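What follows is a set of notes on a single structure, which appears directly below.
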Amino acid sequence: MKDPKKPTRANNNRSSKTKEQAITRNITIVLVVILILSLLFLAYTLFGGGGNDDENSFLDNSTESSSVSSQSSEEESSSESESSESSESSEASSSQDSEESSETESDESEDEDEEAVEGEWEPVGTEQTGEHVTNYSEGSQDRIEIKRATSVATGLSENDMIEWWVGNAGDQQVETTVSNKDQTDTYRVVLKWVDGQGWQPLEVEKLSDNPYN
């Protein structure tokens, strides 16, 4: 009769298979782990490296875009500066032309007015006595004698004379602006009062136009 506690051949075979299965399972786990690690490394190499390339490409494109934008801004700034300089040059030229034109017109206007003539006229006489104070009122003795002196200085007849202006020109002096009735000849005359002798013409200027008409 067999001893139940003594290992049999069947028990030994079963134990051996169990060990083999355990070893196989461990090897399989190791292989799976290695495979997973390999896949992860491959994925990192493919996608991680590609991402860097894309990032580098993006940085390159961004740098090129920034360079182009900077160059464009510099060109626009240069263009605006040239435009501003051109505008300032045009304004300066226009201002200079305007000043030259104004000076030319002023010179022509001065040339048109004949130079003032200072003569050796004598006082025209007076009926006034005592201390003299000029009376500019129409019809006064001063106005009558001023008109007479102006007629002597200009050669215009008192009957053919329009008095446009009679005013103060300084101490005991008056200035008159007169023309003939046809208004073809206009004169500016400066007169001086001489005590006891009346108004004396000092200066006569023929005008190119009548400033009071």
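Positions of Cβ are set from backbone N, Cα and C atoms, glycine also.
Feature list (source: TrEMBL):
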REGION    1-20  region 'Disordered'
TRANSMEM  27-47  transmembrane segment
REGION    57-142  region 'Disordered'
COMPBIAS  62-72  compositional bias 'Low complexity'
COMPBIAS  73-85  compositional bias 'Acidic residues'
COMPBIAS  86-96  compositional bias 'Low complexity'
COMPBIAS  97-121  compositional bias 'Acidic residues'
DOMAIN    117-207  domain 'DUF1510'
COMPBIAS  126-139  compositional bias 'Polar residues'
Surrounding residues of the transmembrane segment (27-47) on its own chain - C-beta under 8 Å, 6+ positions past either end:
none
Go through the chain and flag residues at least 6 beyond the ends of the compositional bias 'Polar residues' (126-139) whose CB is under 8 A from any CB in it; none is fine as an answer.
145, 166-168, 172, 174, 193, 195-199
DSSP helix, strand and coil counts for the compositional bias 'Polar residues' (126-139)?
0 helix, 0 strand, 14 coil
On the DSSP side of things, how many residues of the domain 'DUF1510' (117-207) fall into helix, strand and coil, could you say?
17 helix, 40 strand, 34 coil
